[in-house]
Every structure is written in C-alpha cells, then in structure tokens.
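Note sheet for the following structure.
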Amino acid sequence: MQKLAVFLFAIAAVCIHCEAKYYSTRCDLVRELRKQGFPENQMGDWVCLVENESGRKTDKVGPVNKNGSKDYGLFQINDKYWCSNTRTPGKDCNVTCADLLLDDITKASTCAKKIFKRHNFRAWYGWRNHCDGKTLPDTSNC
C-alpha cells in the first residue's frame, strides 16, 4: 500500500507540470503574445517582462514574498490581489492561481492586461529592474 501511495504521489508531481509550457525561443513567445492581442508597440516590454519574471515558463511559482503572497505563471501575477488560491475563481482577475500556470495563457494574458491597465508595467519588479529605461528585446524578426 505504501508503494502505491509513493507511486501515485510521483505521478501527481509529474502531472502538475503536464499542462505547463516553456517558450523555448523569444519568437515563440512573441507569436503567442500576438495571438493573445498584446499591442505590437509594447511587445518589447512584454517580452522583457516575461523573460525576467518567469523565464518564459507558464508553470513558474515564485518564492514567498515578504508579505506572504506568491507570484504565479508566465507573468508572475500576485495572489494577494489578482488570483484566488482556492478552487473558486476570485480576486480582481476572477481566476484561480492554478489557472495562471496552464499552457493556455488566455486567462493569464487577460489578467496581465488588466494589471497593466491599472498600473502600467510598473506593477512588475522584473520590468522595473531589468527593462525600464533599458534596451528592450528586438521582436521585429519574429
């Protein structure tokens, strides 16, 4: 019985990442962001943000922040205000934090755009520290 429990735990641990995606190239990410309706004139900022926040991984969960919150997904969206850590969608983006970890980034994109509309890119420390006022990634060849 104990071996079965260990086996099932191992399968569950692997499957947590079954629906995750890693954008292996910058252009893969750019194509997906275009599909999600991100504006072309902001593409360099969004790519820089994603690369510095999550490393282009949809399943990234950040470490616990000083206030006890965590950041989730491709855009590292915070659970204090934006996503619910329960099975019921909630908070300002009306999503679960698990929704933000899927390879389908539709909900994460919608939430990121909502955050941007309220706070601009300054809502993300990865953007502030690595992108603001710096040379942005060139996405023109994608």
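Cβ atoms here come from the backbone N, Cα and C positions, even for glycine.
Copied from Swiss-Prot, the annotated features are:
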- 1-20: signal peptide (SIGNAL)
- 21-142: domain 'C-type lysozyme' (DOMAIN)
- Cys27-Cys142: disulfide bond (DISULFID)
- Cys48-Cys131: disulfide bond (DISULFID)
- Glu53: active site (ACT_SITE)
- Asp71: active site (ACT_SITE)
- Cys83-Cys97: disulfide bond (DISULFID)
- Cys93-Cys111: disulfide bond (DISULFID)
Integer Cα-Cα distance in angstrom, Cys93 (disulfide bond) to Glu53 (active site): 19
Fewest Cβ neighbours within 10 Å, where candidates are the disulfide-bonded residues Cys27, Cys48, Cys83, Cys93, Cys97: Cys27
Nearest-integer angstrom distance between the alpha carbons (Cα) of Cys48 (disulfide bond) and Cys97 (disulfide bond): 22
Which same-chain residues, if any, lie at least 6 apart from Cys131 (disulfide bond) yet have Cβ under 8 Å of it: Asp45, Cys48, Leu49, Asn52, Phe121
Cα proximity to Cys97 (disulfide bond), best match among recorded positions Cys27, Asp71, Cys111, Cys142: Asp71
Cys142 (disulfide bond) CB neighbourhood, other CB atoms within 10 A: 16
Distance from Cys111 (disulfide bond) back to Cys83 (disulfide bond), taken between C-alpha atoms, in Å: 9
Rounded distance in angstrom between the Cα atoms of Cys142 (disulfide bond) and Cys111 (disulfide bond): 24
